[in-house]
Amino acid sequence: MLTYETWEENDVSFSEEDETKGALSVLSWAYKEYENEIVYACSFGVEGMVLLHLINQVNPSAKVVFLDTNVHFQETYELIQKVRERFPSLNIIEKQPKLTLDEQAKLHGNKLWESNPNLCCKIRKILPLEESLANEKAWISGLRREQSETRKHTKFINQDHRFQSIKVCPLIHWTWKEVWRYVYKHSLPYNPLHDIGYPSIGCEKCTLPVGEGGDSRDGRWAGKVKTECGLHYQ
């Protein structure tokens, strides 16, 4: 089994005719390699809808973890319910932070997402994912190379130094148009915020719509240098 400690470069080839651009092949490899020791960390963005559909074909009872920061858009929570109805066999876990919002405010002040967004992300996303990955050998992410400069070198199979794990990224070669083409083709549910200018959807407090021609991550932590929550630093 390929683990963080036994890391060696791996790649997956795929034919030009493969509609999934290697995604199904990568997922098949991953679930064969790790069986029940792999989890998909899903934010329920549009890429997530594609991956959930693909994962359901490979392993209908796969584990899926959603990092519930308690400050997501209502539309996101409603989408999760639709996904549960569409893919009832998937094991969707809504992982909560150790601190409630009130407890966080007492310790660090109100609106920590404004005063110290890095700490807020650590408390409400990074630490919960660490806990979720503690008993796993690998995890799956919906990163695409096209999304931003920080993601353009992502590979199918990555040694993840942040969580000392293996990170599997099946959609690295997909474009934004291909993601949506797949969603429409298979009539997949998606977050309606995508229709009003939100290409990337995170917490409600830190996500704004993006103007035409903007980077898909421009709406995240707008006005700050921060462009990543910290889950995907290598």
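The backbone N, Cα and C atoms fix where each Cβ goes, and this holds for glycine too.
Annotated features, as they stand in Swiss-Prot:
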BINDING   Cys120, Cys121, Cys203, Cys206  [4Fe-4S] cluster binding site
ACT_SITE  Cys229  active site, nucleophile
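Residues near Cys120 ([4Fe-4S] cluster binding site) in space but far in sequence (CB under 8 A, at least 6 apart, same chain), listed by position: Gln104, Leu112, Trp113. Shown are the binding-site residues Cys121, Cys203, Cys206; of these, the residue with the fewest other Cβ atoms within 10 Å is Cys206.
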